[in-house]
Amino acid sequence: MADPQPSAARLGARKSIATVSLSGPLSEKLTAIAAAGFDGVEIFENDLLGTVLSPEEIRARCADLGLAIDLYQPMRDVEAVPEDVFVRNLRRAERKFDVMRRLGADLLLVCSSVDPRALDDDALAAEQLHRLAGRAQEHGIRIAYEALAWGRHVDTYDHAWRIVEQAGHPALGTCLDSFHILSRGSEVSGIAAIPGEKIFFLQLADAPKMAMDVLQWSRHHRCFPGQGGLDVASVVQAAARTGYDGPLSLEVFNDVFRQADAARTAVDALRSLLVLEESAGLSEPPAPSLPTGFAFAELATPDTEPVRAVLDALGFARTGRHTSKPVELWEQGAARILLNSGAGSRRYGPALAAVGLETPDPAQAAHRAEALLAPVVPRRRAPVDAPLDAVAAPDGTELFFCRTGRPDHPSWTGDFEPAPATRHQAGHVERIDHVALTQPWHQFDEAVLFHRGVLGLTVHESLDLADPYGLFRSRAVAAPGGGVRLALNVAPGPGADGQMLQHIALATDDVIAAAREARARGAALLPIPANYYDDLAARHDLDPRLLDALRESGVLYDRDEHGEFLHCYTATVGRVFFELVQRTGGHQGYGALNAGIRLAAQYAHQHRP
Ligand code: MG
Ligand code: MG
């Protein structure tokens, strides 16, 4: 009977994905799935119907790619119907068995009926599924019966299992699907009642928590495990405890993946399974080496002058010049900005190219990143020569794992020689507080999972923020303790590359003084409308002198139960702007309430007469 302990070796061994989860023609999907590193596929009937490849050719293609065909699906509306209808269903099944024979597939998914003629009669359902399984067995095929969350009479996994148990046929088992289970709020503890060998298949999907019709929710909003709000790991754990030793298979469809690049989605998908296995305690990839702070932010631009002017006005001093590359080091407090004139685009101007993360164990962080399929950045692209391990985030930003100024580790700062000093100011900037990265809209979920999985950061709540032309999404990921915070924002729409603004927020001890001094040194700070301050006065009981100072310096204000957040922005240069921030009392936010004001002010500033 059931193995009481989850077995990492067995569960970790095979990973599969339904072809419906990717965009494009079937042959391209198969190539992408194999290239990502999956072991098998579920062939979705519509993909088969839509391809010119014969079942034999699909079989050969899968064999060439090293992919097993783990499942053929779906067969709908089979059970608990009047006899004449069931006889026609059996005929339908024979056609599918024939296709499966040609494909070399031996497991067929049957989902619970939504046929209005179906009867609420478990005995009839069991009897008919028994007959179906008998026919299947003659072809060497097994049937996995799955409860759809919107099935007419069978809509929970435990009900589907009771019918399978009652049918009592060796070629009939059940298929568990985490979306159908968790979307209904079913207790996963009941999975323990199913013998592992009767779970013929395990399908996994997540979804953001939403209050909507479950069918629409499933069709449009399923996402890969770890990208939504369902406890998918609990289903995997429960299945593992029964002794289930089949594949972990992703069955995800949503409006975004259907338009996204298949190769990239396949990698995102496999990463989600790797992270899921770890969360379920079934595998142990190298543990994250949690970043403790920002080592640097690198801006790339062929024309460095506009950025230099901003850095200078913000109180940064150029302190170093790379010994062999066109890279300058600018510093203030513990904040370091690298200016790389050997990279970047003339068209879009300065852009954030890389972020250095202070990492206790850079090699370990890099091993984890590789284990979780993060693309490793070739060393020659590094802005510095010291051994730095780097991976590319989904938006292309390079993340360097480094240790700065540790005697036991060669530091990247050793690649810089002192530069002819620019004027040195006693500024207010202490360090980099956070970096905001804009993601293409169809890569947003991928980016969140990447930063959580690869870096081990904690994901915070998703926010919808209003800008002058619509809503945009923002989600923060941060290291415990707040040493590293990243704000992931979604770009306005497809093809909006030029609008993919990024920003570097600098922590200050006195943002009002920092703003005044920056202005005095010629910085263009974003003007904030007077209406904002009138409203602020009404919302918060602020000291009138503070309110005047905010108004006069163009500083925005936010507050929660922990403390205050004061911040202002520079005008945008290319794709980048800077933010000066001051946190008091352990405030952990990012001024989300003011984001709409900032976006409107940026728009007004960009289109000023
Ligand atoms: Mg399913
Ligand atoms: Mg910010």
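Note that Cβ sites are derived from N, Cα and C of the backbone, with glycine treated the same way.
TrEMBL labels come from automatic prediction, so no person has curated them.
Here the structure is a predicted model, which means the values were calculated and not measured.
These features come from TrEMBL:
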{"type": "BINDING", "residues": "E146, D177, Q203, E251", "note": "divalent metal cation binding site"}
{"type": "BINDING", "residues": "H434, H503, E579", "note": "Mg(2+) binding site"}
{"type": "DOMAIN", "residues": "293-404", "note": "domain 'VOC'"}
{"type": "DOMAIN", "residues": "431-571", "note": "domain 'VOC'"}
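Looking only at the binding-site residues E146, D177, E251, E579, the densest Cβ neighbourhood within 10 Å occurs at E251.
Here the Cβ of Q203 (divalent metal cation binding site) has 27 other Cβ atoms within 10 Å, regardless of which shown protein chain they belong to.
Between the C-alpha atoms of E251 (divalent metal cation binding site) and H434 (Mg(2+) binding site), the distance comes to 35 Å. Other than the site residues E146, D177, Q203, E251, same-chain residues with C-beta atoms no more than 8 angstroms from the centre of those residues' C-beta atoms, the divalent metal cation site, are L109, C175, L176, S178, F179, H180, F201, L202, L204, A205, S249. Rounded to a whole number, the C-alpha distance linking E146 (divalent metal cation binding site) with E579 (Mg(2+) binding site) is 52 angstrom. Across the structure, Q203 (divalent metal cation binding site) and H434 (Mg(2+) binding site) place their CA atoms 37 angstrom apart.
The two recorded residues, E579 (Mg(2+) binding site) and D177 (divalent metal cation binding site), have Cα atoms 45 Å apart. Neighbouring residues of the recorded Mg(2+) site, listed in sequence order and excluding H434, H503, E579, comprise D433, V435, A436, A487, I504, A505, L506, F577, F578, V581, Y590 (Cβ within 8 Å of the Cβ centroid). With respect to ligand 2, the binding-site residues D177, Q203, E579 contribute E579 as residues with a C-beta closer than 6 angstroms to one of its atoms, given in sequence order.
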